[in-house]
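The feature domain 'ABC transmembrane type-1' is assigned by TrEMBL to A:71-265. Residues or ranges marked as transmembrane segment in TrEMBL: A:46-67, A:74-96, A:134-157, A:215-235, A:247-268.
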Amino acid sequence: MSATLRDPAALPRLGWTLTALMLLWPLLQLADFRPAALFEPGNLAAMGHFLAGFLPLETSPDFLALLGRATVDTLAMATAGIALAVLLAVPLGVVLTRSLSVSAIGPGRGGWVGQAVRGAARMLLAVLRGVPELVWALLFVRVFGLGPAAGVLALGITYGGMLGKVYGEILESTDARPARSLLEAGSGRLAALAYGLLPNAGQELLSYTVYRWECAVRASVVMGFVGAGGLGQLMDQSMKMLNGGEAATILATFLVLVLAADGASEALRRRMA
Amino acid sequence: MSFTLEGVGFTHANGHRALAGVDLRVAAGERVALIGASGAGKTTLLRVLAASLRPGSGRVELLGSAPWDAAPRDLRRLRARIGVVHQAPPIPPRQRVVTAVLAGRLGQWPLWKSLASLVLPVDPEGARRELARLDLAERLYDRCDCLSGGQLQRVALARVLYQQPDLLLADEPVSAMDPALSELTVALLNDEARRRGVTLVASLHAVDLALRHFPRVVGVKDGAILFDLPAGQVSEALLRELYAAEGGLPLAGSPLPSPSPEAGPAAGTLPPLRCA
């Protein structure tokens, strides 16, 4: 093979791959990652014993009534939390999107203003999602007391930070030419968003939002532990009373909710295709 | 004066000099064709005229104002008066034809009207009228991903017609069309400019189309203007010099027997593409 045909990118690629592996190895050591421990006989027996406690599922009418009530609470909390998150995320995500920048055309005047605003939005989003929802929840429980209100607010803030970042990134990776041509014909940012970016990005934005809703349903378990109500609180009580059957029924409910979210996302995507 | 360029130059970030010392003055209502080899600087020149590219040097005046000294709001108003037909139609595939055409007036509409039009088109009749001139009226409520490349380019053209700009720019507007349709489209652009008395500047790869339809022809070579003449005075020798690098004159092909500027494209020339 002649020397000129050799891919000039091959050697750097090999170098980067080796570097990544060399960085990963000490990290695994630090994390005390020993998968073999899972299969030691003593450990297998302990896990089996723990899991056996979950059977049979608890199906008494009293408990199911309680479970139904908690499920509705959790769904309400997750939905209200995501609604709040979307309200926070949409303006911040749009601000982050460079392909909607009018001053970038030319480039024109005032580009530094846009850069400063984008930087501030990026910081704000990092703070919102940088603090875990559990910490926000602990904070708000002190204001609103035990119950879903604190959970909704905590979910809304953390998930607003996540959604805003991802919305911005989805919009940036969408074909920028339609929006750009509208901006060049004098359209405003929001009109260019609605006519130029959303037709291409809408599907992905929606399915990511539904996925976050699914995460919020699960996150409400953590929130339940701080007394924010719903399935999480029920789970907390069952675990404390070592009632494995109840815990298993609650887990089955989560599985059903996740499957439902998946189905809803699929149906919405197909509708928008 | 529709626009004035004085000593306009532009160098790309990678050091490639796209325009150097371009002087061009065009009066309101003139119709000008830009011709030249690919990479000569025609697209860059049109982007400067569209107030979408700020030249590195020289002076630009468009429709009576200096875009790069204007306040952001005034620059937006100026851009709303300039319509550009792009080489590749900048239309999202999932958008409906009616929405894509109505988007031509986003620069003139207030935000509430733009958003309301997404729910229920505010001026379907206006969109249908422009589409009818391009023989696409019956595709009003189809999605753009059901259209062929040439049909999509005509939708983009309908959008610019609907915008009703005072300065009409076209960057290779017929690159995805067959010779007959190219002829009719260029004729339509000229007809529109004449009817509304607005300025038209179009870059065309096909020399014969330029010479047949435009009173004034500007030859661009290596980022500079080689000649700027009435179509009748463009000589064979000048064209050979302009296309020296390409080794031959690019032509659109045999024209129609007698293209009338009034007629839209003949119905028979359209591919019968339909979405279920």
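The first residue you see is number 1, and the count goes up from there.
Just so it is clear, glycine is given a Cβ too, placed from its N, Cα and C backbone atoms.
Caution: TrEMBL annotation is automatic and unverified by curators.
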Top partner of the transmembrane segment (A:46-67) among A:74-96, A:134-157, A:215-235, A:247-268 - counted as Cβ pairs under 8 Å: A:247-268
Contacting positions for the transmembrane segment (A:74-96) when only residues 6+ beyond its ends and CB under 8 Å are counted: 117-118, 121-122, 124-125, 128, 148, 151-168, 171-172, 189-190, 193, 209, 212-213, 216-217, 219-220, 223, 228-232, 257
Sequence-remote partners of the transmembrane segment (A:215-235) [C-beta within less than 8 Å, at least six residues beyond its ends]: 66-67, 70-71, 73-75, 77-78, 81-82, 85, 133-134, 137-138, 141, 146-148, 150-151, 154-155, 159, 246-247, 250, 253-254, 257-258, 261
